[in-house]
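S.K.: Dropping a structure here in structure tokens format, bear with me for questions.
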Amino acid sequence: MKKESYIVYLGEHSHGPDVTESDLQRVTDSHTQLLTSFLGSPQKAKESIIYSYNTNINGFAAVLEEEEATEIAKRPDVVSVLLNQGRQLHTTHSWDFLMLETDGVVHPSSLWEKARYGEDTIIATLDTGVWPESKSFSENGMGPIPSKWKGICQFEGNNTHLCNKKLIGARYFNKGYAAYAGPLKASFETTRDTAGHGTHTLSTAAGNFVPGANVFGVGNGTAKGGSPKARAATYKVCWPPINGSECFDADIMKAFDVAIGDGVDVLSVSLGGNAVDYLKDGIAIASFHAVKKGVVVVASAGNLGPLEKSVTNAAPWIITVGASSIDRQIEANVELKNGSVLKGTSLSKPLPEKKDYPLISAVYARAANASADDAILCKPNTLDPEKVRGKIVVCLMGENNRMEKGIEAARAGATGMILCNDFISQDEVFADPHFLPATHLTYKNGDAVFAYVNKTKNPQGYITPPQAVLNTKPAPLVADFSARGPNGITPLILKPDITAPGVNIIAAYSEGASATSSDFDNRTTPFNLLSGTSMSCPHVSGVVGLLKTLYPKWSPAAIRSAIMTTGQIWPNRAMDPGLVYDLTVNDYLDFLCGIGYNQTALRQFSGSSYYDCPKNYSVLNFNNPSITVPNLSAGRSVTVMRKLKNVGQPATYTSSVKLSGFEVTVEPNTLKFDKIGEEKVFKLIIKANKTETGYRFGEVVWSDNSHHVRSPIVVLSSEE
């Protein structure tokens, strides 16, 4: 009978503040006893258990047969049994390396100075680990490590000295991965990053100031994280991919369990998988326990956009982050001899001379044994060196990866490469560090190049050296790859919550990884370019770190609201939001009641013997900073309630609403706050026109002329 690894989730612990090792051991023993009752032998139970979650999360991971897992799930004290699901990192592709201005997303102001760039905050990532020698993790300018920190430093050979007053902790968890992959080599016993992803995300969130940062000489500036003086920690839960999976729930949940006990303030999670019910989602479960202890969890939305219902990490207690572009591009343009200048992007080295070079379409440069279809894509061994040598070859996107196309062009002796998008790729271009001078063009620009080459007797052109161009418009725009709603688990909760820079991001990189993460590339770089919601997530985590330092008593929900209601990540406004939509643990439990969770699940989430669900509760009234009505019949109306808390000076706020095709009333339309912490309730009455169908988007804004507290509104209206 085939065995797989499962997570048996039992809820939470009721440990007091002075928990001892013996207390934790008693929990571990209880897990062994529970499993023994099914397997019949304490020895078998001990051998089967991978992890005991004994600190904050209550449960264990074990290798079981499917029938055994099914029987265990029937126990009344078992909330759920989860398959040890594999997940992916949220970079767009292993070859997609793009760039963001290294000067970061924040600028000094009196509030930022008061926040001291997040100095009191501990920000941790769950990722591929860290390159501790990176200058982004220098302890220069850092004070003593906060006394609340209880973490440790795990590197190869017990090199604990690799941690310092900046990088204060590093741990790895690989038993869930090993249960899937088989026995692991000794090289897995470290938090050192050999992929680059973890170093990139951690430095984006909490990297120290590094003057003169650049990627292959491009984008020079001072690198810093969103909270440059925050303490950084990492929990390595992601490893080399196996069948597309890199990070497993058993390891992720153990990392959460430990991190909460270690004393982290912010957990940045740039990974995810398919959206599933919260009780089957290890990240959702673990995040609930973190938020319950005051830890803010920020997670990436995923990279399956623009597909609908592609958003992941959609639990309402998580800050779910989409990716958007910035007003900075890396340009390497094509100048044709006919005078046309076509914009492109690249990070490759420049051509050896500033002159026009012969151009050739890859289809005309094909080798004798290659098909035209393969040659135009510049697949391996499809180009004839006699036809290509000394020329710029024009290749088409599709099928094989972009870097591989450049490798083939270089092998055949090309001086350079112009990579042209196909119809499917359209405007999505990437600044890759190609192995030869190259650039990447949109479909429209690429079509113009092919037309010129195919119709000109002696086509010639030049690729300009890569350079950073600032203040490009339009920006910001949601990235094509950024995952979309509607929320497939709970349509009443709008996700993602916010977008942040996720295209063209410069950050620190592992010098134990190649520049392109490919076997045929031996180049290393201390800073690199990545794109994905993996990159936008730590931008928000950095802003959260600043808010935690400035407002240590704010709940995770208040911080989430401050970020959501002040716009596409806008740190200066989030520091002074005026009003917030706050939530308590009981609000989340009411939400779980509203979506139909039974008492077994609620009892374990709540940590009490019984949770009294409110009567006539509607999830429509869950105090989310956004408002979603997923099914409103034409001609019908719905009433939505929300509660605002004043976190600023006494003021009177007036509402304004935009929602085309609907009659919308706000009651009351003014709210007067006399003190900090005061709360006021309002109703939003939405009536659909009889002819109105489909999705409509709008907003309700509360303003005192100084603050503008914006909540997006999404309504799906259907025929009656």
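Including glycine, each Cβ sits where the backbone N, Cα and C put it.
Quick paste from TrEMBL:
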| type | residues | note |
| --- | --- | --- |
| ACT_SITE | ASP127 | active site, charge relay system |
| ACT_SITE | HIS197 | active site, charge relay system |
| ACT_SITE | SER534 | active site, charge relay system |
| DOMAIN | 5-90 | domain 'Inhibitor I9' |
| DOMAIN | 118-572 | domain 'Peptidase S8/S53' |
| DOMAIN | 375-448 | domain 'PA' |
| DOMAIN | 621-715 | domain 'Subtilisin-like protease fibronectin type-III' |
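Any idea what these are sitting next to in the structure?
M.R.: Every protein chain considered, the tally of other Cβ atoms within 10 Å of the Cβ of ASP127 (active site, charge relay system) stands at 30.
Sequence-distant neighbours of HIS197 (active site, charge relay system): residues of the same chain at least 6 apart with a C-beta under 8 Å from its C-beta are LEU89, THR91, ASP127, THR128, CYS238, SER270, LEU530, SER534.
Residue counts for the domain 'Subtilisin-like protease fibronectin type-III' (621-715) under DSSP, helix first, then strand, then coil, are 1 helix, 63 strand, 31 coil.
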S.K.: Could you tally the C-beta atoms, other than its own, that fall within 10 angstroms of the C-beta of SER534 (active site, charge relay system)?
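M.R.: Counting Cβ neighbours of SER534 (active site, charge relay system) within 10 Å gives 32.
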S.K.: Please work out the helix, strand and coil residue numbers for the domain 'Inhibitor I9' (5-90) from the DSSP assignment.
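M.R.: Once the DSSP states are binned, the domain 'Inhibitor I9' (5-90) shows 34 helix, 30 strand, 22 coil.
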